[in-house]
Amino acid sequence: MALVLMVVGLGNPGPRYATTRHNAGFMVVDLLADDLGITLDRTREQALTGQGLVGNNRVLLVKPQTYMNNSGQAVAPLARWYGIAPEAILVIHDDLDLAPGRLRLRRGGSSGGHRGLQSIITHLGTTAVPRLKIGIGRPPLGQNVIDYVLKPFSEGDWELIRPVLLEAARAARFLLEGGSMDEAMNRFNH
């Protein structure tokens, strides 16, 4: 029985960042782990990992501990270690270009300026990495982007984001259970 899918949530390690916009990927992996009964309790290749079964498929859940912009330094060695092709990795991350409350699955493509995703693309040597984007919206006029993504969600945004994080975990589970990317995009993109 081989690992068929790696689910990577992007974020920054430590309690200081736990509820920030940039940690939406970590939040989804935590929800997915709870839903699947998987404990992320092993550190390997600079990442917190957990393995489990979904149907007959083994899956690897990953939270890189390298800080966002160096995520590829954890993901690429894990993919090589477990023999997982880039196309079998689902990267979950925040997206400034999607409004809060929006969700978008893509098969691959450019990083769209997301440095954590760009690090993964660079280290894997391909843009053919599926991803699940969580909309966080753009900062208000005059606010620095870095300050914005490293701050916790506002109360108003949290009301929009919480249901989307749950929906993102459902989308990831759908794929882990063997659902097609086309069907997942039709069902979950909004």
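The backbone N, Cα and C atoms fix where each Cβ goes, glycine too.
TRNA binding, as stated in Swiss-Prot, involves TYR67, ASN69; the candidate among TYR17, TYR82 given for that site is TYR17.
Reduced to three states, the DSSP call for HIS22 (active site, proton acceptor) is helix. Working note on the recorded positions ASN12, ASN69: by count of other C-beta atoms within 10 Å of each C-beta, ASN12 ranks first. Within 10 Å of the C-beta of TYR67 (tRNA binding site) we count 19 further C-beta atoms, all protein chains included. Cβ crowding, taken as the number of other Cβ atoms within 10 Å, peaks at ASP94 among the recorded positions TYR17, HIS22, ASP94. When the C-alpha distances from TYR67 (tRNA binding site) to the recorded positions ASN12, HIS22, ASP94 are tabulated, the minimum falls on ASN12.
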